[in-house]
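First up is the structure itself, then whatever we jot down about it.
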Amino acid sequence: MNKHLLAKIALLSAVQLVTLSAFADVPLTPSQFAKAKSENFDKKVILSNLNKPHALLWGPDNQIWLTERATGKILRVNPESGSVKTVFQVPEIVNDADGQNGLLGFAFHPDFKNNPYIYISGTFKNPKSTDKELPNQTIIRRYTYNKSTDTLEKPVDLLAGLPSSKDHQSGRLVIGPDQKIYYTIGDQGRNQLAYLFLPNQAQHTPTQQELNGKDYHTYMGKVLRLNLDGSIPKDNPSFNGVVSHIYTLGHRNPQGLAFTPNGKLLQSEQGPNSDDEINLIVKGGNYGWPNVAGYKDDSGYAYANYSAAANKSIKDLAQNGVKVAAGVPVTKESEWTGKNFVPPLKTLYTVQDTYNYNDPTCGEMTYICWPTVAPSSAYVYKGGKKAITGWENTLLVPSLKRGVIFRIKLDPTYSTTYDDAVPMFKSNNRYRDVIASPDGNVLYVLTDTAGNVQKDDGSVTNTLENPGSLIKFTYKAK
């Protein structure tokens, strides 16, 4: 194995020991979340009636650009007035009413002035599919922005035939300082709910024969790394002797991806009942899923492999593998012998095996009361002329379930976290994405159109405060 990777993993493992003893976040109570009101910010809704908004970027034209997952629309918004224009609508985007598919990734070329490219990923019909339950594919595509006509043209499919389902699409796309595309693709919801008996592929990588045949089914549960033309970088890691688009493996639903000023890649990832993760992405790293959720600590999670169950009529007890129906093979995290495991920088949240996953406060929507917060993206705050005091080296992580945005402080090298995740902006909203203005004193936040969120009293509501909105939070300097 690469000596550089070994050194990084050793460092992260040492950090994990510190994290477990000092920085392992304890789940907050609803009353604690209710206090996260952030009085030092003025709130203003500048745009509403969006249809499943997903990605949010500050454009090279100093305007806000955002996407609608349901419609395939790419919108440009004036950050002051909220006036909006539809720049383009990606044709033939597939979005199921009950699915996480649609228009997903969105990024500008770093040198947009000389290379006016916009990169997207999305769900499209797969003409080669013979599976009625899985008829779609994910495509990573490049468009050229035409300034004269103010629209997108000349589509080029960089990578087609990627896995797609209704669940765990992830779909965050960023371009790194190395001029490579980084893309998160989830495990497609395998081993749970509608896909309970489908084998999870997060630990699998392609053979050379599969890669040559453009069979990408093992790309589920990965972070991919592509050249800007979609080809495989020569310096990508080798897995079982094969160099593919895969950069890291062992992911569940990594919906957040962001580079730091010093070139490190941070990621937020949704866990099962417990252990949402904040990760530092390391070349060739294995992040454990589905064998490990969070730390390799045998705490609150075990891998129940329903695809190996003989009886395909049994039900998931929704106990995070700690309790399962008879006949389901279960392995503890400590029993997993996978190589190159990279522990998270932080979890939200880790609990013991005795934790009650059936809190009656949430009624039938018990998943809302689970320790997880459902992190939906990640944004590295870079400050500016009006930077918020004390926010240096900060990662912002929106939550879908808790109606907050977490502020996570990291050390100056972005290698470890300093303190607990601090919740802010509590409301009955499902926060989807967040960015800051170039000056650093204004945050812009997208909210989901629909869904469930936990109220201040701990119960569940689907009546959202600002559904499908772009909200402006302006810092009031003391």
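The first residue you see is number 1, and the count goes up from there.
A Cβ is built for glycine as well, from the same backbone N, Cα and C atoms used for every other residue.
The record from Swiss-Prot ties Y367, T372 to pyrroloquinoline quinone, and of the options K332, K339, K401, K409 it ties K401 to that site too.
Per Swiss-Prot, D-glucose is bound by Q100, D167, Q192; the candidate from R252, R402, R407 named for the same site is R252. For the pair E333 (Ca(2+) 3 binding site) and P272 (Ca(2+) 1 binding site), the Cα-Cα distance reads 14 Å. In this structure the alpha carbons, written CA, of Q192 (D-glucose binding site) and D297 (Ca(2+) 3 binding site) are 22 Å apart. Within the set Q100, D167, Q192, R252 that the record links to D-glucose, no two Cα atoms are more than 15 Å apart, and one pair reaches that distance. With respect to Y287 (Ca(2+) 2 binding site), the closest of these recorded positions in Cα terms is D297, chosen from Q100, H168, D297, Y367, K401. Neighbours of the Ca(2+) 3 site: apart from A293, Y295, D297, E333, residues of the same chain with C-beta atoms within 8 angstroms of the site's C-beta centroid are D275, G288, V292, G294, K296, D298, S299, G300, Y301, T350.
A simple way to gauge crowding: the CB of E277 (Ca(2+) 2 binding site) has 28 other CB atoms within 10 angstroms, across all the protein chains here.
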